[in-house]
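Read the structure below first, then the notes.
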């Protein structure tokens, strides 16, 4: 009866197939170690420069979209600011800064997105750096000085490096040499260890080697550095050939020399430039820096550094200034005390002159009146640095202006003794030659309209003597000009804008500049820029499905437009005009018609506002939506005779009632060698959310196949969707005949394959079993627990084990589940009860704090029944031992290996070479942990390798 009910449920055509996303991260790259850090995260260890490949295995329907993101690890990385949409993440030649936590997010819009993380630990070992430091201090109560030398060895590594010190070729042992101390200093960057040589002895002058090692993690070799300590070892000292501040003319060649005055070993001299690289035309040779034909861009601080790893590096700096002059500007300031804006006799007047120069404080200003040099007097006062103006500004104050003071005044700026050309500005000062500025916008220029992408001018007319420049800026102070500057200077008040975009629309302010004219309150005006653009419509494209002979309404929504009034609206079908509509600014255009097989097609609504046109496009069809493959079918593959297999193809139908009734599907199958196998129409009518199935048979195990699927209605066929299928043991649906083959061939699982022979982790325990071999072991693991190699004694061979170290606590449980084994016969021979099976495996339980290893039999029926069939507690020594268990299951069953963590970290438990075979175990190897209560027999005796503790 139970079997009939199960068959009836399996044959039902509908259940809600929509399922939220589920994700799991696996690796396919050059990993050193992949292990569990805790229940929810894995650690992926990889050597710097190797290739990282992470794959996010997802489940869910519809097929989830996968996105990879990253948080910072050892350093921030650009990858964390971006997302990669792909199931596989590849990083070629991974660098240390790319270590960190990577997240795989799978989302299909159903329920909550699934997120899994894995921590990537990049292993590396740099070449160490050895530096020598010396101290000399008086020793109380003695008449000699104690000279102490510190050899400091620093290296960047992951994991932390181990240091080995050698004098010559002999390792230094602190316990055997009272003249040395070896210690790790506090507050140092990287891994550092110090060798202290106390009160130098003659034998201390020798070659010293600092060797660093990460114990061959990821096959990273050791690295070392050697230093020769002699009686003449001294830190470096330098002397510069030029002053610390050097001012030169442009175009000159500059030579900067650093002379080494002390240092043994011979120091290495390097040149650098603060915040910038050295100029391209520079040449460094034997401590000398040569700069050819310098320009103002070459100005800056140049640093000379000498290093010989003794003491601190010697440093010298030169501030190089290349003379330059920019624009020379002037200002005319009327008597500020009288709030005047014009020149008046009997009042004061100030003329100011400023040049942008480098160095600013070396500029010399000279004033002339009608070409005659001006000297300070009661009526003419020269200020070489005016405190009321910008730094580096010179002013000429005319006190109580007289008619004789009306003249042409000249300001000359130069660098004394320099080849840089001087700059000169002339200002004519009379009552008629100086008038306040006037700023106006020409008639019709208050609003300027331009089409998007075009060119236009904004104009403000300026008048006055002298006529000042005009500065343009946005009226909205938070917006910059199109050039990115806050203000733009124009000589004639005309601002040209090219390739205008709609975001430039708005008010622009023009105002007179406070220089090259009267220094008075600036005049201001505004110009409005109106950018015209084509209508913005919604939707730009829409796919519309409908049954035949029903009305369809298409709406084209005008979201924004400038100008807002429409000039024309035109509807077309497949390029042919349908109808012209009179524009109505109050309504959005729409089209209503009855759909039939003759008027399917592409409909377009073209809207024009006199500036440009935009289009709404509608794909109108009575064709059904495409099917959506279901990728999470449990065990879709079944083995058939003759090296063939079948595949359970499953799918759902997207919006099945959106069009005419779907009466079936076309299924096309071809192998990847371009050979079409068959096309077949199957009769299936979908319902929303229903999962449909079709069994593909007689597929060859060694081939891959492309499957295409399309829905069929009375009037049309929908679009085909395709997927590729191939034989995979992970997707295998185990049948009795298949497992009979396994049993008869004594199939043994040594966990060499990453799929671990179909075993799986129990989701209801505290932590997981870990697959490992000798090459992937943690180099820092305890030597007092766990196997060195697998049961066969090879470094490459794998096994499954539990890690008892932190964060595990006593009593934590890990369970490993075997595949489901189908019972092939109801009774044993001669009516002796249920057919016996032999569970055989090797176990390793070394460590004084080892916990418990249990074996459970889980028989599948209407409800699962778990029975403990074997158990062992405590330390069993350093060897692999074999256990054989006879069970008599009454139905399909699984074998459950349960490990319980003991009292401490020295309690790793491992298993290897597991097999389940039909028939009794060989008697000489049979062992029994507890009495079998499955209706069969208990072990009659302990085997040759009996367990030490009988539970």
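Each Cβ is built from the backbone N, Cα and C atoms, and glycine gets one as well.
Checking TrEMBL for region 'Disordered' across the ranges 722-745, 746-769, 770-793, 794-817 points to 770-793.
Simply put, out of 128-226, 334-428, 436-528, 535-621, 747-923, 535-621 has the most Cβ pairs sitting under 8 Å from the domain 'Fibronectin type-III' (633-731). Across the range of the domain 'Ig-like' (436-528), the DSSP-based residue counts are 3 helix, 45 strand, 45 coil. Per DSSP, the domain 'Ig-like' (535-621) is made up of 0 helix, 54 strand, 33 coil.
Scored by C-beta pairs under 8 angstroms, the domain 'Ig-like' (128-226) has its highest count with 747-923, from the stretches 334-428, 436-528, 747-923.
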